[in-house]
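Feature annotations, reproduced from TrEMBL:
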REGION    B:1-25  region 'Disordered'
REGION    B:372-394  region 'Disordered'
TRANSMEM  B:34-53  transmembrane segment
TRANSMEM  B:59-78  transmembrane segment
TRANSMEM  B:137-159  transmembrane segment
TRANSMEM  B:166-185  transmembrane segment
TRANSMEM  B:215-235  transmembrane segment
TRANSMEM  B:265-290  transmembrane segment
TRANSMEM  B:302-327  transmembrane segment
TRANSMEM  B:339-365  transmembrane segment
Amino acid sequence: MTVLFGQLFTGISIGAVLLLIALGLALTFGQMNVINMAHGEFIMAGAYTTYVLQQSITGAGLSLLVALPVAFVVAGTMGVLLEILLIRRLYARPLDTLLVTWGVSLMLQQLARDVFGSPNVQTRAPELLTGNVAVPGGLTVANNRLFILALALAAVAALTLALRFTPLGRRIRAVVQNRDLAAVSGVPTARVDRTTFFLGSGLAGLAGVALTLLGPIGPTMGTNLIIDAFLVVVVGGIGQLKGSVIVAFALGVLQATGEYLTTLSVAKVIVFVAIVAFLQWRPQGLFTLRTRSLA
Amino acid sequence: MTAVTPAPPSTAGAPAPADIAPGSRSGGRSRLRAAAGFAFGAALLFAVAPLALSDFRLALLAKYLCVAMVAVGIGIAWGRGGMLTLGQGVFFGLGGYAMAMHLKLADAGPGGMPDFMQLYGQLDELPVWWRPFASPWFALPATVLLPMAVAFGLGSLVFRRRVRGAYFAILSQALAAAMVILLIGQQGTTGGTNGLTDIQGFFGYDLDDPVNQRMVYFIIAGVLLALLALARQLIHSRYGELLVAVRDSEERVRFLGYDPASVKLVAYVVAAGMAGLAGALFVPAVGIISPALIGIVPSIEFVIGVAVGGRATLLGPVLGAVAVAWARTALSERFPGTWTYLQGLLFVVVVAFLPGGLASLWALARRRDAGPEQSRRGWPAPARRRASRAEAHR
Amino acid sequence: MSVLWGRRILAGAMTLVAAAAMTACGSKTSDEGGAAGVTADVSGDTVKVGLLNSLSGTMAISEVTVRDSIMLAVEEINAAGGVLGKKIQPIGEDGASDWPTFAEKAEKLISEDRVAAVFGCWTSASRKAVKPVFEKNKALLFYPVQYEGLEQSPYIFYTGATTNQQIVPGLDYLKAQGTKSVYLVGSDYVFPRTANKIIKAYAAANGMTVVGEDYAPLGSTEFGTIVNKVKSSGAKAVFNTLNGDSNVAFFKEYKSAGLTAAAMPVVSVSIAEEEVKGIGTQYLEGQLTAWNYYQTTPGAANGKFVAAYKAKYGADKPTSDPMEAAYVSVYLWKAMVEKAGAFDVEKVRGVSDGITFDAPEGLVTVDGKTQHIAKTARIGKVGADGLITEVWNSGKPIAPDPYLKTYPWASGLS
């Protein structure tokens, strides 16, 4: 029984990691239809930011807290640069954004290799986050997993509120629902695109900081995660966040269960089959945004 | 072969006359030029290359030509059909494994088992699903039919439900990832990460002998030419027109009473078959097939050559694939780290700024000579692309 | 478009293929005696050797360090006058972490550059890919990494440990500590699966129980479930054959789950000094490793090696077992060539038996029959400073036994 609850929590925390990575994609892919394969390298940038900050800020806890906003800005700025230099020209060709950003991701990886070296680097986690808390019933829950879950949920909440209640959020939604109408109504669509991209990429940086608590920090750390994250957004349905949130946790629990009953390899295949089957049922994803533009 | 110029892909504007019937319009002259190009290609591959290149370089060329076969298929599915398939490695791998399984069994002799099975699997007898591959009459057709069957299965599921564009690309990529994990997990029967290696013979011929390596090269060159002929045939048929129409506006084709799903399915299945054949011939040429050749990264690398050469042309993908593979070998011998930058840069520059690939430079040059009528056949002008932006944002 | 045209082309192509194939029928597999080997070009006042490592791709992280230490050995030898009076001219190639590329580059080094020997390869998959190339051309490869055994090619010298010099001593150590149950965690590829097979056979014969066995795909960084299983299994120790990045995620998860080196130690066989740096001592302190060499291994030869390496590549660069084995392999080749008095591959192989070298890891001896090397096994513990210190060693070099023929419990394995 304890193991079962442990697995459930593992599933939820896998979901939280997926969600944190997919959240930025839900913005850039879901809202703007840009397939940014360099998203994984923005995650990497966030992780390396943590590493660099720890060279000057010695307190592990303090440096982690400082890293969160700094990584957000670093990754966001990289995103804006990418948008200005390349993606701006490619909005009409979503498939080509995939190939172009894949090329960018190759170059960023090599850049990381040249700057930080091929081997992984290490960061120190605050002692608080390497321990665990005991929950009644003999179950222990890892603190770093709790932290990531909290961070993911906070990011979702902040993003939802921002999209719903701020003028910027209103503009973003307007552009997503009907770009031309938004443009003629005076919404500066190009600037909105750029801001959206900043937010989406910044979230990747945030994910990068969180991932230093869980996994390796190296040039290829982003590539392993990116496909799963895209699948979350595809299955969740583009145009809104709640689909991605639900699907991230569902896939996390599905994978943890499958892995417990079989092996990690088989679980990955099960997840893929489940996704293809699901898309048979709802080809547009869990939730679809209904707009008045022609579809 | 150079007579075949692409119809312009994806624009929201009205199709130019050239889009509708590029083949029939230029008639006999185009056919003649195609035949001349074909003869030129054959002379190059069969006479010049074997004379000019050392055994080692010729073997490398054989490897590149296999990649080029995959590229021909991607050219059809992606360039003409608009389906960016990032999982061609899967079909390449299926063909390769089918061939390698047969050759391993042939090496082991009747009743024998491949060496790795005893070492890693401790199997006493051949797994059931290996057995049919002992017969060349099963294994050879399987190298093509197996990938086609898988493509048919997956394609009929996803196209029918109108999964397309980015969704399809990501799904096909996930397929490649899943396939690799599956293959590696079954080490005792698939060789795991090592793959199937140390293949000695090819239907009785010793692959260590340079003469036989040359024979394999000739077969590969011949098959590539045949695939090109097939692709040209397909592109210039009514079906080829329909495929381009589906790429440019699936809804309109549907309104006209066609079923876009089956149109796309055919292109996807044909591309899969070509990748399978390429994989099958890759095995005797290189002597190895492994999961490292079929995952996400090699699958994307198949696409880069196509993009560089010109995705919607017949010859562009082939030349692009060979050029990129050659550049990789030549440059990585000298500057290993630099190659990664260059590869990334190739993707960025070609796809973002030269979406028609190098072939569009060729078209541009010809436009200067040939006047206004020809100009419609190039890549859409920036203005028209911008017009379609709103549509892409739906 | 006429169908006829396509058919004609197709028919033409087929005729061409058939004609070409007919004229080019070479030897059949049944023919005796294959192609003759390529002889190395040693006509000048230099001798070329090939260095074949991944400088790009996922394996670059490890293989670059091996390349560095091979270069160090080459420079030292050249400074001391070379081999048989000829300076070594190293020719580097990038395997790019891609197995067919390894085969291609091996072929290039042998047939185009005509090198006298090749040093390199890391993964078993890359070695399996190049093995036929070396056997076909009758050329020499020196392979410097611990591996899963069960192989003995006449044209490969294995200077890393085979299973009975690393995994078996690791198990002996656990047994001596009174460990009764182990949990096996590994990456999903050849080495871990073979290693675990050996461990299970050992455990069955030595009163240990294997309470669980799990594999993660290479590069996987999600270890929640596996650590959960390990924790609830009640095992006394974990035998870890994970590779690369997975180790980082595994140990971070391990610590967060409250598992400690004191209560449930992890014995790792793929974590050397370089990897410790990437994981962090915060997570690794007190955990065990099984190797044949550590940077802290005592002895004058090691002192000289470490000092020379740090002087050349930087004071913060640690030295590790595969690097040492690669360094040693160049010196062993030199000793063989000098004993044979020639660069000829068959002569070099012929004199290899009994060649010794005072290596940083201690005295090593080449076994001519298996072409492996007798090495001392060492169990180490990760310290707070990121270095690994020895806690146990086998006392004397262990003779290589790649097929574990001298171990009765392993009789069913190969």
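The backbone N, Cα and C atoms fix where each Cβ goes, glycine too.
Contact between the transmembrane segment (B:265-290) and the transmembrane segment (B:34-53) is not supported, since fewer than 3 Cβ pairs fall under 8 Å when only residues 6 or more apart in sequence are counted. Through the fold, the transmembrane segment (B:215-235) approaches residues 1, 4, 23, 34, 38, 41-42, 45-46, 49-50, 58-59, 61-62, 65-66, 68-69, 72, 75-76, 80, 202, 205, 207, 270, 274, 277, 281, 284-285, 314-315, 318 of its own chain, all at least 6 residues removed from its boundaries and within a Cβ separation under 8 Å. Listed as Cβ neighbours of the transmembrane segment (B:166-185) (distance under 8 Å, sequence separation of 6 or more from its ends, same chain) are residues 83-87, 89-90, 93, 97, 154, 158, 192-193, 291, 294-296, 299-300. Residues 90-92, 94-96, 98-99, 101-102, 168, 171, 175, 260-262, 264-265, 268-273, 275-277, 279-280 of the same chain lie 6+ residues outside the transmembrane segment (B:137-159) yet bring a C-beta within less than 8 angstroms of a C-beta in it.
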